[in-house]
Amino acid sequence: MDNNPTIAAIATAPGRGGVGVVRLSGKNLLPMAQKLSGGKTPQPRKALYTDFVDVEGTVIDNGLLLYFAAPASFTGEDVIELQGHGGPVVLQMLLQCCLQLGARLAEPGEFTKRAFLNNKLDLAQAESVADLIDASSQSAARMAVRSLKGVFSQEIHRLVDDLITLRMLVEATLDFPEEDIDFLQAADASGKLDHLCIQLDKVLRQAQQGALLREGMNVVLVGAPNVGKSSLLNALAGDEVAIVTDIAGTTRDTVREQITLEGVPVHIIDTAGLRETEDVVERIGIERSQQAVQQADVALVLVDQREGINTTTAAILAQLPAGLHKIEVHNKIDLTGEAASSVSRETGDLVAFTDASQVIALSAKTGAGLDLLRQALLQQVGWQGESEGLFLARTRHIQALEMAREELANASLCQNNQIELFAEHLRLAQNALNEITGEFSADDLLGVIFSRFCIGK
Ligand code: GDP
Ligand code: ZN
């Protein structure tokens with residue numbers, strides 16, 4: 001059996017559109033292209049305007065047929081793109097036609113997976129394809145493109161190259177044991193190692209900041225009825241030029257909002273909206289949101305400056321996970337005549353009602369102090385305020401970089417008479433880095449990564 005059968009999928013989003021695309025990848029697709037176009041022979045990389053016909057010769061649609069001959073294609077195989085009219089029925093008919101001609105339905109991410117297996121992309125680049133499609137802000141999209149074009153991978157390759165140079169030095173010494181005395185000084189192995197650590201720390205920092213832009217932060221909004229939670233949510237969302245999403249199923253009160261602060265996605269959940277409902281449909285959403293509370297990075301504890309904490313708020317606070325960072329927000333200062341302020345608990349002259357590390361006085365109504373809150377949120381998750389030069393890294397990339405960093409730290413602890421151990425730590429560091437670009441990856445990792453793609457990509 002052919003272990004790389006021809007695959008086909010509708011590549012455009014479901015629904016209606018001006019143009020819809022069916023994509024095929026496989027070996028030797030020219031005969032299929034000829035059949036689909038009713039006997040015409042497409043030139044590679046030239047648009048062919050043609051009828052699309054089924055196996056009986058009936059015209060299904062007309063449009064453009066693009067034929068890419070291997071290896072000059074996205075997947076590295078022969079690729080055909082049928083650009084027809086973008087209706088769900090006509091696209092299904094086109095797809096069925098391809099299946100009748102011997103293709104099978106593509107799995108999610110299978111085109112990109114083939115591109116990876118045919119060395120068209122490395123793993124970090126392949127992941128950035130999905131990240132680009134999923135990007136929820138302009139800065140996320142820009143970073144995904146940078147990774148797709150290989151900037152992140154180049155950074156990793158540079159580290160690996162330096163590591164290899166150092167390893168060759170060390171391995172050479174291992175072959176001539178009588179020379180290993182003072183080797184580490186003579187070849188300045190430790191100087192080279194220090195340099196590597198500095199480089200790696202820099203990439204790690206860029207990746208961690210980028211991961212923030214990718215994953216964003218989760219914020220829960222806590223407070224008694226009428227303290228101004230909905231008003232604050234609207235104020236934060238309303239000022240935003242970026243996309244604001246109302247998640248479906250939260251019709252009574254907005255329970256969830258997504259805003260972006262300096263490009264960092266911030267998911268805010270109003271926990272009081274959750275507690276008040278008796279509705280069955282909303283209950284389902286609540287359970288989902290309660291999980292989100294468990295994953296929250298920050299809790300905003302909202303109080304009416306004039307009233308302080310009441311028993312309702314105290315009860316909600318008691319349910320929050322221990323150790324969750326809290327910012328206490330004193331709302332409605334327009335009614336008390338106070339100025340907006342942001343102070344840390346230790347130094348502040350605002351009385352904190354909770355063990356929150358930061359207290360902010362603001363008015364959701366006038367907007368005074370909102371900027372202080374935004375800054376406090378970004379500070380809480382360690383955002384350093386520059387989005388240029390970052391990498392939209394994934395958790396697995398960060399973990400691999402941290403693993404490599406740890407091995408380098410272990411290597412630097414080795415004494416002169418532990419060269420073999422030194423060499424081993426370097427080898428493990430290199431393996432960790434190679435995992436990022438996929439030069440050293442288990443099959444199950446590939447399965448996990450590509451299964452999260454959409455079909456047709
Ligand atoms: P929630 O129940 O906590 O969501 O509170 P709401 O946002 O629905 O607000 C309750 C009431 O307080 C509304 O009448 C708001 O207009 C009012 N309110 C909210 N924030 C402020 C504020 O900063 N200043 C003043 N004066 N009123 C506010
Ligand atoms: Zn509300």
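Just so it is clear, glycine is given a Cβ too, placed from its N, Cα and C backbone atoms.
Any TrEMBL annotation is an automated prediction that lacks curation.
Database features, via TrEMBL:
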type	residues	note
BINDING	ARG23, GLU81, LYS120, LYS457	(6S)-5-formyl-5,6,7,8-tetrahydrofolate binding site
BINDING	ASN226, THR245, ILE247, THR250	K(+) binding site
BINDING	226-231, 245-251, 270-273	GTP binding site
BINDING	SER230, THR251	Mg(2+) binding site
DOMAIN	216-382	domain 'TrmE-type G'
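Taking the features listed in TrEMBL, we show where each one sits on the structure.
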residue	record	Cβ within 10 Å
ARG23	(6S)-5-formyl-5,6,7,8-tetrahydrofolate binding site	24
GLU81	(6S)-5-formyl-5,6,7,8-tetrahydrofolate binding site	19
LYS120	(6S)-5-formyl-5,6,7,8-tetrahydrofolate binding site	18
ASN226	K(+) binding site	12
LYS229	GTP binding site	25
SER230	Mg(2+) binding site	18
LYS457	(6S)-5-formyl-5,6,7,8-tetrahydrofolate binding site	21
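Residue pair ARG23 ((6S)-5-formyl-5,6,7,8-tetrahydrofolate binding site) / ASN226 (K(+) binding site) shows a Cα separation of 54 Å. Across the structure, SER230 (Mg(2+) binding site) and GLU81 ((6S)-5-formyl-5,6,7,8-tetrahydrofolate binding site) are spaced 48 Å apart at their Cα atoms. DSSP classifies GLU81 ((6S)-5-formyl-5,6,7,8-tetrahydrofolate binding site) as strand under the three-state reduction.
In the three-state DSSP classification, LYS229 (GTP binding site) falls within a helix. Contact annotation for binding-site residues (ASN226, LYS229, SER230, LYS457) versus ligand 1: ASN226, LYS229, SER230, each with CB under 6 Å from a ligand atom. Put simply, ASN226 (K(+) binding site) is 56 Å from GLU81 ((6S)-5-formyl-5,6,7,8-tetrahydrofolate binding site) when counted between their Cα atoms. With a CB cut-off of under 6 A applied against ligand 2, the binding-site residues ARG23, LYS120, ASN226, LYS229, LYS457 are reduced to LYS229. Counting only the Cα atoms, the space from LYS457 ((6S)-5-formyl-5,6,7,8-tetrahydrofolate binding site) to LYS229 (GTP binding site) is about 41 angstrom. Among the residues ARG23, GLU81, LYS120, LYS457 said to bind (6S)-5-formyl-5,6,7,8-tetrahydrofolate, no two Cα atoms are farther apart than 18 Å.
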